[in-house]
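One structure below.
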């Protein structure tokens, strides 16, 4: 399996009593209709670590109903140990998801041997297409490219690597060492066009929650060799990414980035996103006004 194009890491709409599944269904429907290659509800942007296993499975059931046969349905584990990872993977498999994205172990800064052992324990029990993942913001460490190479050499179900490190030298190593065998996928909107230009196969990105077809247009321009136009569109979005979060997903407002994506999605799509799930904080009026101005400058609202 080769994953190419844009998989959208969707935000999770909440109601007072839990996940707003109808809101999620509406969002997924719009994204699929726009032509994106995949959807990924149980993502970091989707606040996966704050969802119960039941909520995660239900979200993936909705995604399968909406996108099945029209776009890849990708499920994220959001777990930090091998037993929970295997359990949620089996439940996702029963739903019929297309690809499993495995969150690396977090909370403790593990060495490469521990991470390698984690992958072996999981992949010995999980037989479905898998994307490996590095996200130092959440784990406190970056996974050596050589670990991904070892795992991919041993397990044929590994089909890709998602890189949310923000380290472009590291990303180039992934492309150089693994790009002929695996799909190398950029995890940060800010680096999507530069990654494509250097040979990445696509991205797993949150921007399309509210950008409409803009991210697809970036992908098309690069694939058609229209580099100057792709770079111009990339630069047009830079003020937004500087505000919302760029390399490392921190940006101006620190840990509020998932909330920003939800607020932007509600502004553009008109779908009630509800509040972020605690302890994620809301944004204040000043930040809301700045976000609104940036979206207006782009003609999105």
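Heads up, the Cβ atoms here are built off N, Cα and C, so glycines get one too.
Look at Swiss-Prot and you will find 44, 107 tagged as active site, charge relay system, backed by similarity to another entry. Residues or ranges marked as active site, proton donor by Swiss-Prot: 133. Marked as active site, schiff-base intermediate with substrate by Swiss-Prot on the basis of similarity to another entry: 162.
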Sparsest-packed among the active-site residues, when each Cβ's other Cβ atoms within 10 Å are tallied, from 44, 162: 44
Three-state secondary structure, residue 107 (active site, charge relay system) (per DSSP): coil
Secondary structure of residue 133 (active site, proton donor) (DSSP, helix/strand/coil): strand
